[in-house]
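Trainee: Before I ask anything, here is the structure I am working with.
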Amino acid sequence: MGLRKKSTKNPPVLSQEFILQNHADIVSCVGMFFLLGLVFEGTAEASIVFLTLQHSVAVPAAEEQATGSKSLYYYGVKDLATVFFYMLVAIIIHATIQEYVLDKINKRMQFTKAKQNKFNESGQFSVFYFFSCIWGTFILISENCLSDPTLIWKARPHSMMTFQMKFFYISQLAYWFHAFPELYFQKTKKQDIPRQLVYIGLHLFHITGAYLLYLNHLGLLLLVLHYFVELLSHMCGLFYFSDEKYQKGVSLWAIVFILGRLVTLIVSVLTVGFHLAGSQNRNPDALTGNVNVLAAKIAVLSSSCTIQAYVTWNLITLWLQRWVEDSNIQASCMKKKRSRSSKKRTENGVGVETSNRVDCPPKRKEKSS
């Protein structure tokens, strides 16, 4: 994403430059509007829809001990309001990190404009991926998914989510939806917008699919694996921007990237092979989470394989482009070195000839005489 430039001049109110400079404050005022709604009795019910998770169901005491939660959740239309509010929160956090962390580092390092844009993008994604990896791993441990891998395809019950699971997915959707207005706020270049839209759209497609099909544990595990690989990618990029001697770290990330794709494919195939929701069901019902049919399995597996192939192909093409650019740069450098060496040789040759002439004037004088 592009670099937001700040000027010392005060632009006209409600102008484009005013919105770009003060978008975080404007969004904060909108968020405070929902918080103030809790104060008044007439608007409290409407504000709660935006601030808290909706569609909860109380569970009996026996199920409460089994799941370790007082209530379970399913998805519904009210989730759109919750996603909208936390999208505002994501915009505020994005602007805070940009202003108080990344901008100060940019001033110290004195990057070029191209490196500033890449550094800001890698910095923002690194913070998000790091926090998401820790949060997702904590959920997997707390719900015993790592100790009992069968929970990946046998969630209990399959049509419900715990509080922390649903809040994680709401936060993920809010973050990736906030990336659309950030394209405008950060003044992203037109040539970079299609790449950003594809990147954002792929994440939204798979996160929304896992959320609506109640593939919560599988989606969470795949997200943690994916975010860990992306975190290493952007961390290597940050080190490389600070000092180009960390080029080996980029090569190390490529190996981790390939391993991450393979692990993702293996987990997806095993999960589909062991049945997504337990037993076969010929009457699928997406509203209740009964999607364990052959068509749903093929759709999930094909989607996972397609995205892995797409991302891997992008990596290959990127490395081929870099290899061609590096080879062209090396070829041009070799040509310059050869031209310089040839010039030096000619100069040295002239020097030898003149020195020989200096050594031989008596002979030439004898010939002339």
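Cβ atoms are placed via backbone N, Cα and C, with glycine included.
Sharing the feature lines straight out of TrEMBL:
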COMPBIAS  360-369  compositional bias 'Basic and acidic residues'
DOMAIN    117-326  domain 'TLC'
REGION    335-369  region 'Disordered'
TRANSMEM  20-40  transmembrane segment
TRANSMEM  83-102  transmembrane segment
TRANSMEM  123-141  transmembrane segment
TRANSMEM  167-185  transmembrane segment
TRANSMEM  197-214  transmembrane segment
TRANSMEM  220-241  transmembrane segment
TRANSMEM  253-278  transmembrane segment
TRANSMEM  298-320  transmembrane segment
Trainee: Can you name the far-off residues of the same chain, 6+ from the ends of the transmembrane segment (20-40), with a Cβ under 8 Å from a Cβ of it?
Mentor: 4, 6-7, 11, 46-48, 50-51, 85, 88-89, 91-92, 95-96, 99, 184-185, 187
Trainee: Using Cβ atoms and a strict cutoff of less than 8 Å, what residues sit near the transmembrane segment (298-320) while being 6 or more residues removed from its termini?
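Mentor: Distant contacts of the transmembrane segment (298-320): 202, 205-206, 209, 213, 215, 222, 254, 257-258, 261, 264-265, 268-269, 272, 276.
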Trainee: For the transmembrane segment (83-102), I need the partner stretch with the highest count of C-beta pairs below 8 angstroms, choosing only from 123-141, 167-185, 197-214, 220-241, 253-278.
Mentor: 167-185
Trainee: Same chain, outside the transmembrane segment (220-241) by at least 6, Cβ under 8 Å from its Cβ: which residues?
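Mentor: Distant contacts of the transmembrane segment (220-241): 109, 111, 115, 118-119, 121-123, 125-126, 129-130, 132-133, 136-137, 139-140, 145, 152, 165, 168, 172, 206-207, 210, 247, 249-250, 252-253, 256-257, 260-261, 263-264, 267-268, 304.
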Trainee: Given a Cβ distance threshold of under 8 angstroms, which distant residues of the chain, six or more beyond its ends, lie next to the transmembrane segment (123-141)?
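Mentor: Hits for the transmembrane segment (123-141): 1, 94, 97-98, 101-102, 105, 164-165, 168, 172, 175, 217, 220-221, 223-224, 227-228, 230-231, 234-235, 238.
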